[in-house]
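Q: Below, the features straight out of TrEMBL:
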- Cys669-Cys726: disulfide bond (DISULFID)
- 368-720: domain 'Ionotropic glutamate receptor C-terminal' (DOMAIN)
- 1-22: signal peptide (SIGNAL)
- Val556: site 'Crucial to convey clamshell closure to channel opening' (SITE)
- 454-472: transmembrane segment (TRANSMEM)
- 526-549: transmembrane segment (TRANSMEM)
- 740-763: transmembrane segment (TRANSMEM)
Amino acid sequence: MEIYFLLLLIFLFNLCCVASEASLKYIFILEKHDVDVPEQIATAIKTIEKAKPGLRVGDDIIFLDRENEEDAYNQLCSSISKGVSLIIDLSWASWEMGSGLPIIRASLDSQDLITAMNSYLESRNATDAAILVQSENDVDRTLYTLLGKSNVRVWVNSGLTRDSARSLSKMRPDPSFYIIAGDRNFVTRTYKRAVKEKLVRRDYRWNLVINDYEPFDPAVLVLPSVILQIDTNECCKLIGVSECTCPANTQRKQLILTNLLQYISETCITLNIGLTKMTCDEHNNDTMEPIVIFKNGGNESLFYWNDEDLNLRSPFILSTFKPTEGLQRAASWSSNEEYKTLQGFEFEPLRDFFRIGTYPAVPWTLPKLDPVTGDAMYTEDGQPLYGGYCVDLIEKIAEETDIAISALTMTAEREEVIDFVAPYFEQTGILIVIRKPIRKTSLFKFMTVLRTEVWLSIVAALLLTGLMIWLLEKYSPYSARNNPDAYPYPCREFTLKESFWFALTSFTPQGGGEAPKALSGRTLVAAYWLFVVLMLATFTANLAAFLTVERMQTPVSSLEQLARQSRINYTVVEGSTVHQYFINMKFAEDTLYRVWKEITLNATSDQAQYRVWDYPIREQYGHILLAINASGPVPDAKTGFRQVNEHAEADFAFIHDSAEVKYEITRNCNLTEVGEIFAEQPYAIAVQQGSRLQEDLSRTLLDLQKERFLEQLASKYWNETARQTCPDADESEGITLESLGGVFIATLFGLGLAMVTLAWEVFYYKRKENKVNVLEKPKKMAFSKVRKRKGPITIGDSFKPVSHINVNPKNYIP
């Protein structure tokens with residue numbers, strides 16, 4: 001009995017001895033660029049075997065080539081067929097190698113710091129960021145870390161050289177945040193280079209991510225910045241002490257790898273996990289059991305499971321720095337916790353930063369001009385200043401958020417790649433602009449209402465009527481002149497002069513005055529009055545129509561008329577949306593005609609219903625496009641408006657965006673629009689598909705519409721009152737003086753002629769009076785000699801005193 005007991009003790013002792021000499025084998029999956037990791041793995045295994053006497057750890061390393069994963073898979077199958085305890089995937093992106101394999105994924109790099117910085121950026125409503133990392137491998141790791149997990153658009157580059165700094169400075173718009181991620185020396189060196197290249201320009205936009213335990217000197221910072229680093233307590237935990245001063249040049253990656261392998265090895269020994277041989281085709285659910293135990297257990301002080309990865313519980317410290325205040329801790333959390341700021345701390349508010357996309361277009365976005373010199377204005381760093389409808393709207397919306405706005409129409413093609421918010425400019429389209437014809441003004445334009453032969457016929461009728469009235473008055477026995485007994489009261493005597501005056505004054509509303517008394521004369525006058533009435537009515541109607549048409553001198557009034565004529569040339573801006581519109585419409589016409597032709601040629605039931613020459617659509621866009629190509633598209637709108645202005649005969653038109661056409665018309669009195677707006681579309685703000693800004697911007701635009709801000713902008717840039725300064729601004733209100741100036745000249749001529757006639761009358765009267773005085777002078781002289789005799793003079797039977805004789809007192813001699 002004792003012998004059996006002794007044999008049992010020997011067996012148990014041997015069993016314990018065999019168990020104490022455990023053997024493990026790990027297969028490590030590495031990226032092909034991780035050439036330094038095998039040495040770190042060997043160092044970690046030596047450290048573990050030294051701490052665990054009797055433990056033997058084997059390793060097999062497989063470098064994963066993403067472009068040729070088949071070789072790595074074949075190598076993996078060969079390794080597991082020889083026996084494996086666990087597969088440890090240390091690549092920076094998960095590799096799906098098949099189910100049933102005992103695989104643990106872990107990370108040795110500092111990508112958890114990038115994830116922590118991303119949490120901070122999203123809390124600041126960042127839309128994009130430029131990230132500078134140490135190596136090309138870090139570029140790939142960073143992109144794979146943020147891919148699908150971040151809402152921030154990133155630009156990642158290895159280091160900061162002169163060329164990359166130039167590219168970063170020319171990036172438009174500037175990134176809203178900049179990140180430098182790496183060890184202390186790299187972060188310090190790169191930040192100084194950024195300052196030298198004048199990239200550090202805004203507060204709290206540069207974020208420094210330090211992935212080692214070396215202390216960082218914030219004295220190199222020139223503007224307020226944010227610093228993210230690892231709490232040095234992590235170093236103490238990895239070393240295995242509660243409090244310590246982390247040794248200089250501590251390799252964090254080596255410490256993480258050593259503790260990771262130690263934790264995995266201890267768990268394998270505890271769970272009695274040894275070597276397992278299998279093939280890639282073999283599906284063994286038992287091999288997944290250790291992984292489940294890893295997930296449910298674990299060292300709570302160092303590692304934790306996140307989904308399917310074994311991660312280090314890293315403590316992060318986020319601090320802000322101001323040159324005047326120094327460092328201030330803003331947040332402290334671990335990699336397995338959500339980011340949140342410390343109680344009582346608040347970041348200084350930063351305005352949201354978005355990409356602003358616009359392009360020059362009148363009057364939407366145009367360079368600002370100096371009001372004195374008229375030259376373009378620039379910022380201090382040489383960037384041009386812009387104004388206009390869109391810029392004013394951007395500045396208004398910026399009181400809530402910043403966003404990009406330009407003259408962008410809503411189209412189905414654009415809707416496929418971007419999202420539109422509510423329109424800010426309801427309708428715009430295509431409009432034709434042409435120069436106003438230069439009217440040939442004439443002071444005697446009213447004389448052109450009737451042709452020359454008509455005027456001569458009227459004068460002839462007037463003269464003939466006056467002559468006939470004189471003849472009838474002279475020879476008619478019933479006229480007032482030849483029949484005085486019938487008219488005892490004074491009557492008008494129709495001499496030749498008076499007859500012509502009657503015929504002339506009959507053309508006036510006042511009338512010709514008293515008419516002849518004879519029936520023959522009255523018959524002539526009645527016929528003449530009918531002629532006068534008809535001629536006056538005809539002249540008045542034609543004059544009104546003539547002056548109205550004169551104010552409406554527009555060669556064409558629609559796109560259809562423009563397409564049907566050949567005198568007026570027209571063009572568009574090459575490659576513009578207007579140009580593309582006519583190309584699309586011509587393509588539609590060709591397509592419709594081709595379909596119609598196929599219908600007519602294939603019709604078998606009733607040929608009379610479908611005849612190719614009875615095409616029901618009138619083709620015009622093909623002719624328009626040919627005319628545009630013949631004239632030659634212009635490179636820009638400025639050239640198009642200039643060519644229109646140069647054609648004073650109104651024989652050139654420009655087809656362009658209606659909003660810009662109306663703006664130019666308010667600034668140039670020579671231009672006028674033709675026809676109605678066609679191909680109408682609204683202008684709207686564009687955002688990325690699925691952007692969270694769409695709802696906010698729509699609400700903002702609705703508020704601006706309630707405030708009538710958009711109406712104020714429209715009246716500011718399309719100011720119709722400026723048109724009143726044009727010389728012909730009152731055309732619609734009345735007839736210009738140039739059109740009827742000859743009437744006033746004729747009146748003034750009549751006044752002058754009357755004054756000349758008056759002078760002639762006075763002269764004629766004086767001359768006649770002097771002639772009469774000369775003939776009567778001898779009689780007066782004889783009478784004077786008789787009066788020299790003394791005594792009274794008796795003539796006839798009675799006596800009459802001399803004093804009653806009508807003589808000049810000067811000639812009287814007593």
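Along the chain as shown, the residues are counted starting at 1.
Here the Cβ of each residue, glycine as well, is placed from N, Cα and C on the backbone.
All annotation found in TrEMBL is predicted automatically rather than curated by experts.
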Q: Rounded to a whole angstrom, what is the C-alpha distance between Cys669 (disulfide bond) and Val556 (site 'Crucial to convey clamshell closure to channel opening')?
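A: Between the Cα atoms of Cys669 (disulfide bond) and Val556 (site 'Crucial to convey clamshell closure to channel opening'), the distance comes to 19 Å.
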Q: Measuring Cα to Cα, how many Å separate Cys726 (disulfide bond) from Val556 (site 'Crucial to convey clamshell closure to channel opening')?
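A: With distance taken Cα to Cα, Val556 (site 'Crucial to convey clamshell closure to channel opening') is 22 Å from Cys726 (disulfide bond).
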Q: Do any residues at least six apart in sequence from Val556 (site 'Crucial to convey clamshell closure to channel opening'), in the same chain, have a Cβ closer than 8 Å to its Cβ, and if so which, in order?
A: Ile432, Ile434, Leu562, Gln565, Ile568, Ala653, Val674, Gly675
Q: In terms of Cβ proximity under 8 Å, which residues at least six beyond the ends of the transmembrane segment (454-472) contact it?
A: 447, 479, 494-496, 499-504, 507, 516, 518, 520-521, 524-525, 528, 531, 535
Q: Taking only the residues in the domain 'Ionotropic glutamate receptor C-terminal' (368-720), give me the average pLDDT of this model.
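A: When the pLDDT values over the domain 'Ionotropic glutamate receptor C-terminal' (368-720) are averaged, the result is 79.
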